[in-house]
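Q: This is the structure I want to talk about, given as structure tokens.
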Amino acid sequence: MQQCGFCSMLSGLLRRAMCISSRRGSSESYYRELGDQETLNIEDRSSILSDDSEEIIQEVPVLVTRVDVNEMRIMKKPSVCTGRFLTMHKRRKKRLVTRSLRLEAALLDDLQYGQVQCILKQSVTWKFNAFTLENVSGGRCLPVLCVHLFHVYGLISYFKLDAAKTWRLFTMIEEGYHSNNPYHNSIHAADVTQAMHCFLQQKQIRNYLEPIEIMASLLAAIAHDMDHPGVNQPFLIATSNHLAALYQNTSVLENHHWRAAVSCIIESGLLEVQEIRVKVERQISSLILATDITRQQEFLSQFKTYLDNNTLDMRNRDHRHLVLQIALKCADISNPCRPWEISRKWSLKVCEEFFRQGDYERKLNLPVTALCDRHTTSIPKIQTGFFKYVVTPLITEWHRFLQNDLSAQMLENLAYNQTKWESFVVQEIAEETKTEISEADMVDDDLETCSGTNISDSQEFLMPLRRSSLNPVKPIGLKEQLRRFSVPLNVFQDTRFKIKERSGIESTVGSLHSINSQVSVRSQIEHTDSAEKVLSTEKLLPDLSIASITTPMQATRLNTVIKEGGTWKLVRQQTFPPLETVARTHALLSRPMHTSNEEAIYPSRNTTEFALTLEERLNNLFKGTTDATNVGTIDDSDSRLRESFKLTVKPSSGASRRDSATVGSQLRDNLSAVQLSSSEQLLRRRKSMPNDAIAYSPKEKKMREIIPQLLRRTLSSKDCWSRRRGSAPAPVAPSELRGLTSLGALRHSVNGGRRKPGAIGTCQQWLAKATYSVQERTMQHLPRRASLPVEVYNTSEQPKTNEKK
Ligand SMILES: Nc1ncnc2c1ncn2[C@@H]1O[C@@H]2COP(=O)(O)O[C@H]2[C@H]1O
Ligand SMILES: [Zn+2]
């Protein structure tokens, strides 16, 4: 149908504006243009637009953004232009009411169709760059890639999928990713999906797969990290996140990812045929569960056995499934195998996420996970370890299976990237040695200065060391800031990291963004650290994305998976600040001398009150019986949880004091163990203060005698010095000092009082080392922070804790 000049201009404008509504959250519009049935059935109300007002042209952005449909009905005369296009744009216009083009004018051009197509053409090559697709698709790389792949495989036509529903599903999954995660966001999902696509294209796999397996594999890759909170499983357990309770501390994240995926599939209504849906869901679940990196050894040895014995038969469904599991695992950790430019970007992002977790742990007074401690480890060190112990063993086997150009390319890139990071480690060590030598000189000076003073004054003896190493002077330049992140200088001296503006710390490529965030996170942390002597609850809230993992909408969706048709409700739970457990409250009440931020925050909370609240919450949680769905484990767990809840939640819980204390209170225990009644004064006391101004208890006196001796011994033995990055080595206190030094150790992670982990030889050992502090915490049965898991588990059958990632 021919359109008048005005109409074509208007339609052009509105067509472009429609990109906005499809940008985030309005899943259907993008795909409506493909003409699904629902769209074509729409009542034609083209009459709301007329062709007679010139001023409408200038006002279009305003009309589109501000005027609602009713107003427009009144304003406009019947239009002479009718037809499909106008029908569509009227529907879209509704959605646009809430958007402001003036605020987001740039979005008009954000979907660059030509460029998107160009990048999508590369989606079968290993050099594919998900970041580029993200840029040219206006931040929508995941659904754009997925729709493309579903077309490439002919899945839409084979399964007769509704195009709008398909788009909707991908949008829902995309929204399920936390865009504020540096690493676990929808770009990572797109990257893994593309890697999976590359693997599925290999003849050893492609020739044997059934369409349903292809669809399940792609969907599993797309959704494999859905709703990832940006922290690992041990963190969720330690902070008693509701998901840890829900999934019984076992593959918590993976369990959550697959359930989130299935809930989206159900809600999108994409797979209407029950039989297909059930099959797909089952496969997705098994594939996503296999991505639990702590289970790598298990899968790898199984795969190895087949390869060693040459018994892998791709005509066998189970064998095929194992290969798909391995493929997804490889895809998930394939970023080290990408070309250096892309790989480096992922490395920075994943480490940034780790370091953020470390910052949260520090803020929460939890032991800082070794891998996440920006003060004691570095990006190159993390990368070399991960590449060597986790990626290489898996990709080597994968190459043994594929034996083709793709796998050879992956291994080649991996080796190259590993060499790069190793060279940075070498430079880092050289830098460190230089710094240590110069700082050791300073320490010598300090010691000389101290030599005339009373050596028995342990606090003063500690002061110069702690001052220099733990409270470094605020950096001024970027170089210094980066140095303190333990990243070798030359990583950033690379032209890619050149700074355009000193103040803005802008880089020539986006990769510096992550470094900037590190810098900003770090400086933020430092700022708050120094600003708050006493942590308040609000300040403890580290990040909304973690605090509120599972948004109300997602929770509603998940309920359909967890308890289909039941009244069971997964509620959004505020994880931070941790809730007080009954036992914790009891312990606090029984020690009125101790003050904590929790006490300050909840002064009126008493045991019974809290128990009731908790009971109410749990009753809500377990209310109603349910139909068994495909998630039987949860059904089983419900009754167990309910039972154990009855057993454990009693107002006067007899839990031991140690069990009930938080890490924070352990610090207080340490202090009280040496009866430092005036500990705060002691910590602040300066040399100038006369010694006899404080009356020491016998224990404290003893400590004051022992500490200098131990310190002297420690300082004279270089071996005992922990290697701190970029500052004077701080003494590692022997076990006798544990009580006191844990104050500094836990807070500042100066390897304080920890055993030196043994040599690393396997993936498991590396992972164990990486999450060392968490393991230590688990092994010592240090108290978990308050909230659900503590109450709901029967201590006699405490579930096995999986160290995840
Ligand atoms: N380049 C990397 N360096 C260190 N760890 C990584 C890297 N890439 C992936 N990982 C970890 O490996 C895990 C694989 O599963 P996830 O994607 O859930 O989370 C990933 C990270 O924790
Ligand atoms: Zn992942």
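Quick reminder: no glycine exception, Cβ is built from N, Cα and C everywhere.
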Q: Based on TrEMBL, name the residue from D308, D313, D318, D332 that is recorded for the same Zn(2+) 1 site as H188, H224, D225.
A: D332
Q: What range among 438-460, 507-529, 783-805 does TrEMBL record as region 'Disordered'?
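A: TrEMBL lists region 'Disordered' for residues 783-805.
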Q: Are any of the binding-site residues S186, I187, H224, D225, D332 near ligand 1, with a Cβ under 6 Å from it, and if so which?
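A: Among S186, I187, H224, D225, D332, near ligand 1: D225, D332.
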Q: Around D332 (AMP binding site), which residues of its chain at least 6 apart sit with Cβ under 8 Å of its Cβ?
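A: Same-chain residues close to D332 (AMP binding site) (Cβ under 8 Å, separated by 6 or more) are V192, H224, T291, I293.
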Q: I need the least crowded one of these binding-site residues (N185, S186, Q383), counting other C-beta atoms within 10 angstroms of each C-beta.
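A: Among the binding-site residues N185, S186, Q383, the lowest count of other Cβ atoms within 10 Å belongs to N185.
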Q: For a quick check of packing: other C-beta atoms within 10 Å of the C-beta of H184 (active site, proton donor), how many?
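A: Excluding its own Cβ, the number within 10 Å is 23.
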Q: Based on a Cβ-to-ligand 2 distance below 6 Å, what subset of the binding-site residues N185, S186, I187, Q383 would you report?
A: none
Q: Mind giving me a neighbour count for I187 (AMP binding site)? Other Cβ atoms within 10 Å of its Cβ, every protein chain shown.
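A: Counting Cβ neighbours of I187 (AMP binding site) within 10 Å gives 24.
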Q: Would you report the average pLDDT that the model assigns to the domain 'PDEase' (108-428)?
A: 96
Q: DSSP secondary structure for H224 (Zn(2+) 1 binding site), reduced to helix/strand/coil, please.
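A: DSSP call for H224 (Zn(2+) 1 binding site): coil, neither helix nor strand.
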Q: For H188 (AMP binding site), what residues in its own chain, 6 or more apart in sequence, show a Cβ-Cβ distance under 8 Å?
A: A130, Y177, D225, W346
Q: At a 10 Å cut-off from the C-beta of H224 (Zn(2+) 1 binding site), count the other C-beta atoms across all protein chains.
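A: 28, counting other Cβ atoms within 10 Å of H224 (Zn(2+) 1 binding site).
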